[in-house]
Every structure is written in C-alpha cells, then in structure tokens.
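Below is one structure, written out as structure tokens; comments come after it.
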C-alpha cells in the first residue's frame, strides 16, 4: 500500500524509475491530442446530423413519411452519385425523389452511415410493397453498397423494412434496384444480413474504444465524451492492476475445492475489489453523459432544427427553406409546428458539468496513485507490470470485446431471432398542424427539381464494357505486383542464406592448398596424379602437410590454411572389385595361357564387400569386433550416400582408414604403402575431410577421388562443396527466414488458385496450355523446395548430434547434409528460372510481347515438325562420327559427345583440322556435307518459317485492337491526377471515359 501524502517524496527519485510516470504523462498527452481531433470531428457530426426534409416536400400534403437509408460499413461502400427513389404501396406510389439534392453541402451515403429523410405525399400510399432506388452513376466512385431502407408512415407509425445487402453499381449489373418489403415471417431469409447489421452497429456505437473513430453522427454521446470515458476507464484499470500486482494467490490455505475445480479466495477477493473500483464510477460517468439533456437555447437560422439523437430519440429536422423572416421575431412565424416524441426521461442539462467534474477528478486521482505505486515498486517491477498490463489490456480491447459483440449479435439474431431496431423510427412526429409556407402558396409555387433518371441500357453497356476492361487491366496489374513480390521473396530466400562469391573464394583458397602447384619446386599438383607412385607422393608432400597446417599450424603466421579449421579427422576410403571378374573369354585365356588374375571395371554389382585379415589374400567370414582398414563397412554404417565420379558411380561403403593430423600422419601413410593396401583390385580411393571457416560461417566438404583404370592409371577428380549449414545468425538471414514463411504462404495461395483453374478446365484441357504446364511445374518445385528444407534441417541436426557424440575423435561425413543442401539449391535455381521466365506471360499486355506470342503460336507446328527432321539428321551424322572418328578424336568418343560437337558446328564452333587429322579424306568430306545440309539448307528453312509466322502475326495483330494496353491506362490515370497543362502534354490515347 502507498500513503498519498508520505510517499509523495518518491517523486524526488523520479530519474531512478521514470518509466511509470512517463507512461502516465504519455497517456495524458495522447488524450489531449485526441480531444483536439475529437472536437473537430464532433463539429463535423453536428453539421451532418439530423433528418433531411427533401426539397420537393410540400407542407400542404397530409401524409408524411420518414425514411432511413443504411449504407454498408465496407471499404468503398459510399457513393458519389446522385441517389433517387420512389415508394410503392397498395394504394399507389409516390413521386420520384432525389435524395442527394436536398441540402447543399451535406454529405450523404457515406460508409456505415444512416441517412434520414422526410418526404410527403398528396395521398396515402397504403401498406408499402416495395421501394425502387437508383443512382445516376456520377462522380469518381459511384458504386454503392446499400444495406437496407426503412420507411415509417408518420400517420400510422408503422415501420416497413426493405433489405438488400448488395452493391448497386454498373459493374454489379444495374444501377437501379427494386426492393420488396420484408414481412415478419420472412425474417429467417435475411438472418445473415441482420447479423452483419447488428454486429457492425454495435461495434461502431457500443464498443467504447472503437466508437471514438466510428461514432454515428446522430449520436448525442460525443467523441470527446467517449474519449474521456476511455481515459477514466484506462486509468482505473491501471490502478487496480498495479495495486494487486505481485500479490500471491497460491497460498494452500486460501484454496477452496469445488468438485474438481480449485478456487483461490485471494483471486475472488481481488476480482471483487477491482470490480468495485472500476465499474461503478465509470458506469455512472457513461450514464450521466448518455442521459443528460441538451442545454436549451434560441436559434435564429435559415434552417429549422428539431434535435434528433438515436440514443434519446430526438430528431433534428434540417430544412433548407427560409423559415424565419429577419424582420420578424420567432413568434411571428407563419404556422406552428408540433413534435411529439416518446423518449425516456432526461436529466437536466447542467448534469453534464457533474459528469465532466467526475471524469477529470477520477482521472487525476488515478494518475497520481499509478505514479506513486510505480515509483515505490522500482524499475524492474514497473517494467514487468507495464508489459503484463498493456498485453492484457490490448487483448481485452482488441479481441475479447469484439468477440463479445459478435457473440451477442449472433445470439440475438440466430437464437432469439430479434430483428435490428433503428431507434429513430420509434418517434411519433405529427406535422398535421404545421404550415411551413405561407398559406397563399400553392403546390405550383414550389420550386421544381429535376430527378435524374438511371443511365440508359446503351450507356450502361458501354460503361460495363469499359469497367470490365479496366477490371481485367487492374487484375493484371495486381498479378504483376503480386508476382513481382513473389519473385523478390524467392530471390531473397536464395541469396539471403547463400553468398555465392564468398563460397567461391573459400573453395578457391582450398584449391590453392590442395589442388594447384605451390611455389615449392618438384611439388605435384592434383591433376599431375596419373599413377600410384605419384599418388603416394601427393599424399606425403601436399595433402598431409596441408591438412596438418590447417589443424596444427601457427595461426599467428599467415598461411593458406589459417582461415580454416579441420572438423574432426580425415579419412581414406577404398572401394574394390571382386576377384576374377575379368570379362576375357575362357578360350582366349586358354589360347594365350593367361594365368594372371584380372578384374572387371567397377560397378555397384561387383563391389568387393568381404572382410580381410591384414592382407587382401586372407579373407575372414565374420566381421571383426573393431573395424579397421581391412574390414568392409557398409554405407549405412558410415551414413554416407553414393557418389558419382567420372568413370563410375561408387557406393557409400568401403574400407576405411581414419587419420588424425599429428606427427604420426606420415608414418601412417608409409605403412599403408608398405602393406600393399592399394593393389590391382582397387577401383577408387576417396580422400574426405570437412573444413569450417568461422570468418564467414561456412562449411566445406572436400571430396578427392582417385579412380583407377584397368591399366592402373589414375584419373583424379575433386569436388568442394562450400555452404552455410547454420542459418538465421544475422539480421539479413532472419529477414530471409521471414521470406521463407511468406514463400510457403504464396505457395499455398498459388496452389489454391491453380487448383480452381484446374477444376474448372479439366485435366485434359488444362495441360494443353504451355503456361499452365509451367505453373504446374513451378508449384511442384515450390513444394519440393519446402520438403527439402525440412529434410536438410533434420539431416544437419542428426550430423551435428553425431559429431558431438564422437567428441571429434571419429570422422563424421557431412556429405549427406551438403548433398541435400545443394539439391535444394539446384531446385531453387530451376524455380527462379521458371518464375522469371513466367514474366513473359504476365507482360503479354505489351504489343511486342503479344507479337512474339502470336508468332510462336503460328510457327509452333511447323517448327516442331522441322525440329524432328533436324534431330534425325544430326543423329545420323553423330553415329557416322562415332564410328569413323571415335577411335581417334575424343570429341566423338560417344553418341552424346558427338551430338554436342555437331551442335557446336551449327553455331559456328567448328573443328575442321581435328576432323582432317582424324581422317584426311573422310574428315573434309564430312565437314562439307554437314555444313551444307545443316547450316545452309536447314537453317535457311528455319528462318523462312519464322519470317512467315512474323508476317502472318503482324497482319492478324493489325486487324485486332490491343485492348489490354496497360501503359496507356496508367498514363490516363496519371493524367487525371496531374494538372491540366501537364496532362495535356502527355498526349494520352485511351478509350473514352
């Protein structure tokens, strides 16, 4: 507890704990700024409130009707057009009334508004059957969402409801609608509209916080008063929250067990105390504002006003006619008006001062106590209280209260089936004795107003065509913007986690250590390894010293490996072929007396998987307890996946020798050489190790492969996979993570729309379109990328856990992790290619893009047939090259390499002298025939097909107007915004407005 007098000295320590005091000051500052805005908004509401007597109302008519027009509370629901209507009953119909011309300068038909009108009739219309309402489609935003119209016969006080809940506009089909009267028994048909109207009205006027912004202009409860009530309620809530903050409620002695529910007496007492502090005083303040009447005052104005408020059922009748003669007093008015209203008893007007006094007093006292508690609690406790309070407060204001409003509206509408009541229609207005004009004025003396008719069918059709075309253009523009955003997200996802340049430099540094020649003389480079002796020399002279330098080198001295760390030991993995798998026929072996054992080239089916005992000549049937480099280990044991070299695809298993960088590394290599670990049945040797560069947070998985040929030659091959395995470390990577979530959201959205298109078109017709196929492949790639993301994440976690378990004493292959990572990268590269290419479709509104599309459409059949002929011809030439030159030239060693070489010929990259060296007679003859057949004949025919298609496309395009010229549309919209002088210089050509 705090002492309001003794604890006032805490303000002297303000700078030690200013957070709560500053928060209260900010709340008051926001309140004062809000009062300034709310006061201006209240003045606007006063100008717009009231019932508008239509300009064509005749005081000599005996029948008056009150009309309420409710506009939907949607974005763009208001209309700028002139609205007109007439009402039909079983005894006739009224004249046409223009609702928009009755009061100059008074806005009507805004979003969420309830506009009130009064019109007269010379005869009784009887029971109303329908109302016909329309607009002239004028202004910048003529479309209008009309929720309902209510009409009250002021003589019988009977209310008629006309429910629409639809758009009235050209693009919706018509600007004129006839709405039938809703009978009480038809209420179930309009339950959804009733629920929407009830919930929207309650949110706008019943939700205290939201009503500050959306208060109906007729409400007497002003925005300033609502804002003041919100201030009082907020400060009361802050006081009750900070008073009981940190009070323990888990004392076992306070617990009460009711069935299976445990209740705390402390919680119950605190709840009751908070309710007594908060609600009674704030309820009194709200009721005082609601029930206080207006201060009486005389009005001398050119308008006669009868005050109206939807809370107290007062009516303000705004009449545009001159009712007061400036030369006469109020008592000299012609005629007399009587307004009888059935309204609740109001408090005297001076009670408003009491309400304001209570609001200000309560707010100041609560502010003082909140600041005292904050100063007494200390800085850390104050911060914790502020976070918890505002979290709970915003949760209540933004979620709990709207949910409560919707729940009440749903119960009243769907369960109790209670229709929405417009309070203003409960009033009883009689103007039978009112004479608004001089008695000698008859009906013909009244001014005549032109009621605009709805647009003709021809004009509506023209406008609908224009709006439909604009709709297609705007949809295309939205598609472009949305797709551009998607492409940006895809690019950010890729480049946010991958720095290609950094990966290249890391790989290049590793190549400097292990691949290229150094400045030392007589040191082998990696490509120089062609036989077994050179392999051992490379291991002793270059590979092992490089690994030892990375692991044990002096980091203070600049070397090639000072930026890297060796992740665990490195290993040699040998793959062997089975014994006596040589494909030599038996009769040849007998004819030449071949006794030497030989083996076939390696493939997964003839891999040797036996276990040996310290030599390849003695195999054992059972695996040893401790695996060594003479016993075979499967790919499952090593957690390694197959690897493709230049000569074959190798399994993930093999005979393993792990080496830890130390002074004994050279001796280990020498022992392997002397023991004959590599012999004639060795097919491949892998040197595998993992590196980490902490400066750029990148892992490098290095794979050196030495493939052995049948004549014991060695083909060296290497791959260095450099990538980031740990993401989300920097701000850029966190932004990339957000883009990954958006990427998944976009994928679901595109799947939904493409699924609707697929269902509408059918699978046979859907896949006949090229761009539909591209979209289908793109979506499949998106889901593949998402799936690979989780696969990669699981694999990396498993490898890291395995590495931690070994305590860096065993080699753990990172190859599977980088393999999934690079597969994801390749799929994303293909995905980026497709999504960028798809811009060709999206940009098809451009004339040149349309010409290209039409040209390809005309030429596709001829080009497909012609391409088949070219492929057959090149396939024939490729087989000729394979057979005639394949045994001499490496460019023709296979069918695929022959086809690739011939395609290079077609684009001008020829090798005439190579063909001449291969065969001095057949080479030149082949070159001449190929150039003549493919380049001069077939390419000439190809160009002829394309030129014919271009000519035909231009003729077709000239007959058809480009209706989707988006550039002209945008320029026209821009010209409407710019000044007239600047817009006239743009010379925009666009279809008529």
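Glycine is no exception: its Cβ is also placed from the backbone N, Cα and C atoms.
The model shown is predicted, which means the values in this text are computed figures rather than measured ones.
Within the listed segments 326-349, 350-373, 422-445, 446-469, TrEMBL records transmembrane segment for the stretch 350-373.
Among the ranges 927-950, 951-974, the stretch that TrEMBL annotates as transmembrane segment is 927-950. Record note: among 694-713, 714-733, 734-753, 734-753 is the stretch given as transmembrane segment by TrEMBL. Most Cβ pairs within less than 8 Å of the transmembrane segment (927-950), among stretches 18-38, 350-373, 480-497, 765-790, 863-885, belong to 863-885. Packing against the transmembrane segment (897-915) from elsewhere in the chain are residues 874-875, 877-879, 881-882, 885-886, 889-891, 923-924, 926-927, 930-931, 934-935, 939: each is 6 or more residues past its ends and has a CB under 8 Å from a CB in it. The number of other CB atoms found within 10 A of the CB of residue 598 (disulfide bond), across every protein chain shown, is 15. Across the domain 'PLAT' (63-182), the model assigns an average pLDDT of 85. The 10 Å shell around the Cβ of residue 582 (disulfide bond) contains 16 further Cβ atoms across the protein chains shown. Long-range Cβ contacts of the transmembrane segment (350-373) within its own chain (Cβ-Cβ under 8 Å, at least 6 residues beyond either end) map to 2, 4, 7-8, 10-11, 20-21, 24, 27-28, 225, 228-229, 231-232, 235-236, 238-239, 242-243, 281, 284-285, 288-289, 291-292, 295.
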